[in-house]
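TrEMBL lists C:26-48, C:68-88, C:100-120, C:132-151, C:163-185, C:205-229 with the feature transmembrane segment. Among the features that TrEMBL reports, domain 'Cytochrome c assembly protein' is placed at C:29-189.
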């Protein structure tokens, strides 16, 4: 059981490494979106400091959304997905492995550069650990929820926009608690409650999303 | 009765735009939905009649097997 | 389904050829009921219910705002319920029902937002505030639009049914989470909405008007959904004999008129 999980994980990570240009594009998108905000709202440091948690979180969310279509598209085209679905292995397991590989190859780099971008927006240094922690807890949830949407829109015309419409409303709670955690930390009320809720959300998504995603993949490839 | 006159009723205590704007748009949407829903069945029947002619079904519902298999 | 076992269970109403004429017969009655209830509700709301002590006449928007908001939430739940029934029992009609409900739900959702905005301007001083209830209503509208867009984008009806059902269920699981998170996020305008219990003597007629309008919204929804289900059944079942016979009849009538 574990060997299937590891095999799929290793394969997807290897594929991500070979197609690392895609990952770099995602990262560049994340950075550019954040850099657009000062041009839009003005370079007033107080203002930037105030909106920094929200900007970083929205940009991370969009970067995740933009790369979601990659999650199953390639496997769908070359028939790997059908083979996996036909195999006797539990679909929940390898879906979980694929989502984990997706998060490791797109979510983790975003989390890693977020503190540097936070400094660009002059976020107070005290907020950095909470920012990283909230992104670490929140982006896997986004990947799990997004995987369901990606599975449902597999191979559809205009699937990208549709995927955005489907998953963005579902991303809102994660955004609220994620950006809220940083703001709560900076305002002195402490981020514990926000982070616990993010963790709870992740646990819930881990329990339900792979299952829904596997069902959605079966429907889409039928 | 709440109103001294019909004009008082239409004025809604100065909030006519808000109150009638709400009710007007609501009933407009409801009317629009009803029109669309009721027209939809006629359209479906027309479309299906055309579809049936196209696949060559005769009036007794028998199907030209060649066409149907497409 | 063979004719012998068709009669045996209540599930026979789940058979499209039974439900199609039934829906056609019931819909006008529900529409009439909705019309009567709307007239009664409007009469209660505009001529019986007194002026609100603090808000004046503007509060009369409540008689469509609150029923529309309730209805938009109920419809989403019913939609998810039919989606679940469809996935579990594999009944085509359940999927059709859930798809027929969505546009009406979205309509009520928009009405709730629109009337909320027009009510908000004179009471809060702004058409839109990022109030918890308004915001979750907006997100509910997005969920409806996502469901409608997904089911329309998929051409294969079997896939559209099931994919729509999954997203409806995922949405239904998320609605309480969204509501809770939005409430957490903004407690700014708590208590800004009307408290009906302030003046108990007034509350009864106001509440009565609101409830009658809510019942009217129910009757209207049932009528519209029954009407909307009919052409969807015809299109799905176009290969069956009973639709063939029905089309024969329709074409004869049409020929007769021409």
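Backbone N, Cα and C define each Cβ position, glycine as well.
Unlike curated entries, TrEMBL annotations are predicted automatically.
When the stretches C:68-88, C:100-120, C:132-151, C:163-185, C:205-229 are ranked by Cβ pairs under 8 Å to the transmembrane segment (C:26-48), first place goes to C:205-229. Residues belonging to the domain 'Cytochrome c assembly protein' (C:29-189) score a mean pLDDT of 89 in the model. Beyond the ends of the transmembrane segment (C:68-88), by six or more residues, the same chain brings 94-95, 97-98, 101-102, 104-106, 108-109, 111-112, 115-116, 133, 137, 140-141, 143-144, 147, 161-162, 164-166, 168-169, 171-172, 175, 214, 217-218, 221 to within a C-beta distance below 8 angstroms of the stretch. Outside the transmembrane segment (C:205-229), and at least 6 residues removed from its termini, the chain residues within Cβ reach (under 8 Å) are 19, 23-24, 26-31, 33-34, 37-38, 40-42, 44-45, 48-50, 52, 59, 62-64, 66-68, 70-71, 75, 93, 96-97, 100-101, 103-104, 108, 196.
Listed as Cβ neighbours of the transmembrane segment (C:163-185) (distance under 8 Å, sequence separation of 6 or more from its ends, same chain) are residues 73, 76-77, 79-80, 83-84, 86-87, 95, 98-99, 132, 135-136, 139-140, 143, 146-147, 150-151, 154.
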